[in-house]
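Notes follow the structure.
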């Protein structure tokens, strides 16, 4: 019985930057302001896209999905982080950690695929404008969105299950929230197989979509350069600019989190990259899209 209790803690301690208490107040303010802006900005995109008939297009349908995803993504992390920064006991229950792990993995994986789907939408819009409404019909848009969400949640079920089956010999998570690499460090057994599996899945969900996006934009650039008018080129680049910025922010931070070999020197850098990917990027999403559309 004692062995079970040791391998399944009742709660975890989220260390974060607890070794640097002078950072807590600035981080609390940054997290709170970012979370408020994320909530209002992404809710505004969802409501405007739904209420304005002119925005009932595939691009804004996928953008609404992205905004909903970002809302859930930050809500799975930030409230708990604010509570822990405010309190002296920086803990999360085992059930809360499991839920956070599952949601973080599911939504992160879904966003990887959704951004690739959005690049395909831009490819069809610019390279096949006369056939756009025929190709990107409502049923296909629903299928692409559903496939992204289902694949993301399916990946999360697998990775969460494999991670949580590992026997744990500690309860101090050296991070702000529960994620796979941080939990693997608590394992009592060799995690080489789990780390290899995590790397393989990260390649599938990160590098393959990136390759597809690069291919899409190679064709998009060729199509735009063939446009005769400067105004037409500017408009075409404008419709893709916001998506390219979000792709660079998301994939750049995610690749640095999951595809770089771990090292003691990169521990704090990994925390900051995770915070940027999970908090700052969702906040910037509405700002980037509304700015590039004006």
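For all residues, glycine too, the Cβ spot is worked out from N, Cα and C.
Over in TrEMBL, the protein carries these features:
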TRANSMEM  25-48  transmembrane segment
DOMAIN    41-289  domain 'G-protein coupled receptors family 1 profile'
TRANSMEM  60-78  transmembrane segment
TRANSMEM  98-120  transmembrane segment
TRANSMEM  140-158  transmembrane segment
TRANSMEM  199-225  transmembrane segment
TRANSMEM  237-260  transmembrane segment
TRANSMEM  272-289  transmembrane segment
Rounded mean pLDDT for the residues that make up the domain 'G-protein coupled receptors family 1 profile' (41-289):
85
What same-chain residues lie close to the transmembrane segment (140-158): Cβ under 8 Å, and 6 or more beyond its ends?
58, 61-62, 65, 102-103, 105-114, 117, 120, 201, 205
Could you give the residue numbers and ranges of same-chain residues that sit at least 6 residues beyond the transmembrane segment (237-260) on either side and whose C-beta is under 8 angstroms from one of its C-beta atoms?
59, 66, 108, 111-112, 115, 118-119, 122, 125-126, 181, 198-199, 202-203, 206-207, 209-210, 213, 217, 220, 224, 266, 270, 273-274, 276-277, 281, 284-285, 288-289, 291-293
